[in-house]
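Undergrad: Before I ask anything, here is the structure I am working with.
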């Protein structure tokens, strides 16, 4: 089956030196693009989830530094902008990785800075396509694949990680379908994954976050495929809150649990998941829905945006460098020297 070419959510307007972001807060109701010209504006867009997904925010930050350089910013301004962008969201390691890579170009001609940003974008999309090719054979024939949050084209430079595996499987002729967890409270699954897959002609059904265990028990799910925001050296995986619960359920029901992520998500400097900083977001994002408070006034809420899935619950990690199974630490260490 031929799948529609996926959207690219982060673009650079070379003629006007602007970063163009698909506003993911507006989806699925409206396909709206924002045009930004400063690092501050891009950092704010990263923080408020206008652009989200670990690889995508790395690309956005790279282009933010490129636009500053192209508009004449000097080294001091670029270093300050890099620091601001790197702190926009703490859990996703791709952001800091992209900023470090761009920072190495401070002092170079602006054209070189932009070329580096383009390279980060192009390499990410190529990595996603390779992840898809390596992950597709892992998906059982005609399976119903459960995914969480959005790890598709919208979360990357294009094509996607977890949804890249889905896309590649469909392109190879595997007639699979997808269950998309709604993913409270930002509803990345219901709003973004469902929109993206429906747009591309891939069958998708939205679930509430509490349904997965029952459907697993009924034999309606063949495997779980998720993305990642950071993978520790031992194979522990930080991903959207709710991922850990799915991994526990998958293990109980003896279902494969796959993590798909580019190598830039692997952080060998972080020993275990316990060392990964977990972003805490505002409680209003939990108790306010469509402008209406859904919990009694005065009742507090928690919103850790991510959780950590222990490596022992991960069947395999799929990166563009290869597929890693237990023992994950040894496999990741071996891939660190692979090219």
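Note: Cβ is positioned from N, Cα and C throughout, glycine not excepted.
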Undergrad: Per Swiss-Prot, which of 20, 87, 89 sits in the substrate site along with 52, 53, 54, 188, 239, 240?
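TA: Substrate site check in Swiss-Prot: besides 52, 53, 54, 188, 239, 240, the record includes 89 out of 20, 87, 89.
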Undergrad: For 52, 53, 54, 89, 149, listed as recorded positions, tell me which one has the smallest number of other Cβ atoms within 10 Å.
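TA: Sparsest of the recorded positions 52, 53, 54, 89, 149 by Cβ contacts within 10 Å: 89.
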Undergrad: Are there recorded positions among 54, 89, 229, 240 that sit within 10 Å of residue 149 (site 'Transition state stabilizer'), Cα to Cα? If so, list them; otherwise say none.
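TA: Of 54, 89, 229, 240, within range: 240.
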Undergrad: Helix, strand or coil for residue 239 (substrate binding site)? Use DSSP.
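TA: Strand, per DSSP.
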Undergrad: Please give the greatest C-alpha separation between any two of the substrate-binding residues 52, 53, 54, 89, 188, 239, 240, in angstrom, as a whole number.
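TA: With 52, 53, 54, 89, 188, 239, 240 as the binding residues for substrate, the largest Cα distance is 17 Å.
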Undergrad: Take the Cβ of residue 239 (substrate binding site) and count every other Cβ within 10 Å, whichever protein chain it belongs to.
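TA: For residue 239 (substrate binding site), the count of other Cβ atoms within 10 Å is 29.
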